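**Q** As annotated by TrEMBL, domain 'Orotidine 5'-phosphate decarboxylase' applies to 5-223. If you look up TrEMBL, you'll see Asp11, Lys32, 59-68, Thr116, Arg178, Gln187, 207-208 marked as substrate binding site. Under the heading active site, for OMPdecase activity, TrEMBL lists Asp59, Lys61, Asp64. Residues or ranges marked as active site, proton donor in TrEMBL: Lys61.
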Amino acid sequence: MRNERPIIALDFATKEQVLEFLKGFDGSLFLKVGMELFYQEGPELVREINRLGHDIFLDLKLHDIPNTVESAMRGIAKLNVAMVNVHAAGGLEMMRAAKRGLKGSDTQLIAVTQLTSTSEEGMQKEQLIPVSLEESVVHYARLADDAGLDGVVCSVHEAEAIGDACGEEFLRVTPGIRPSQVSADDQKRVATPAEASRQGSTHIVVGRAITKASNPKDSYQQIRAEWSGQ
Ligand SMILES: O=C(O)c1cc(=O)[nH]c(=O)n1[C@@H]1O[C@H](COP(=O)(O)O)[C@@H](O)[C@H]1O
């Protein structure tokens, strides 16, 4: 199901920076808490952001043996976040275990396919995967679908092929979003919010184009309007 609110990646080091950033916004937001923030501020900040009325995508990209991932997910289930992720490369059994760990919660579970900072050449040379990047991403998406997950993290460029392979209800959460004129930084597979909308992303994740903008609220509103086709 397509979500109209871009997910803002809260890639900050401290709670104070987060609260200062959020002061500039009104209403309920969809926010991503990733490794930088979680490893420094922990679950208490997740609870606090929840109490402020925002939805949370907890981006911890779990990738470990099935038993460890299942136990970790049992803890994450108590945080009442909207969404959490694992690495699809962890395999079918690991993804099934992650899902078991979340049993009884409403948290959606998605799997990272190939990171948006990976290029086709890098994947082939470093991971020794001898297929196209799209084939690898669609393969991981099918695996996540077989494991009963709600969707995947992918780049905008693979979103349509995943919709064809796994169905339109399967979530395609796409980072690597860059409005035209904004630097790609370390991302390799980037696209604008309008392209994401056309290619069938169900969610977009935006970090630096909002958090490092001179006016984050204006940037958020422009990106949101472009994403919703206004
Ligand atoms: O799982 C993610 O959220 C993720 C997966 C991926 O393939 N690429 C990716 O960039 N991300 C995250 O999405 C955010 C993108 O940030 P910006 O490049 O600043 O917009 C970061 O917080 C990344 O950790």
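Every residue, even glycine, has its Cβ placed from backbone N, Cα and C.
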**Q** Where the distance is taken from Cα to Cα, which of the active-site residues Asp59, Lys61, Asp64 turns out closest to Gly207 (substrate binding site)?
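**A** Out of the listed candidates, the nearest Cα belongs to Asp59.
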**Q** Run through the Cβ atoms and count how many others sit within 10 Å of the one on Asp11 (substrate binding site).
**A** 18
**Q** Those recorded positions, Asp59, Leu60, Pro66: which ones have a Cβ sitting under 6 Å from ligand 1?
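**A** Cβ < 6 Å from ligand 1, in sequence order: Asp59.
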**Q** What is the nearest of the binding-site residues Asp11, Pro66, Thr116 to Asp59 (active site, for OMPdecase activity), using the Cα of each?
**A** Asp11
**Q** Which one of these active-site residues has the most other Cβ atoms within 10 Å of its own Cβ: Asp59, Asp64?
**A** Asp59
**Q** Let me check the 10 A CB neighbour count of Pro66 (substrate binding site). How many other CB atoms are there?
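**A** Result for Pro66 (substrate binding site): 18 other Cβ atoms within 10 Å.
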**Q** Near Lys61 (active site, proton donor), which residues of its own chain have a C-beta under 8 A away, given they sit six or more steps off in sequence?
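**A** Expected: Met35, Asn85, Val86, His87, Val112.
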**Q** Enter the number of other CB atoms within 10 angstroms of the CB of Gly207 (substrate binding site).
**A** 20
**Q** Secondary structure at Lys61 (active site, proton donor) (DSSP, helix/strand/coil)?
**A** strand
**Q** Calculate the distance in Å between the alpha carbons (Cα) of Asp11 (substrate binding site) and Asp64 (active site, for OMPdecase activity), and round it to a whole number.
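**A** Asp11 (substrate binding site) and Asp64 (active site, for OMPdecase activity) have their Cα atoms 23 Å apart.
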**Q** Can you count the other CB atoms that lie within 10 A of the CB of Thr116 (substrate binding site)?
**A** 25
**Q** Counting only residues 6+ away in sequence within the same chain, which have a CB under 8 Å from the CB of His63 (substrate binding site)?
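**A** Set apart from His63 (substrate binding site) by at least 6 residues yet with Cβ under 8 Å, we have Val69, Val86, His87, Ala89, Gly90, Met94.
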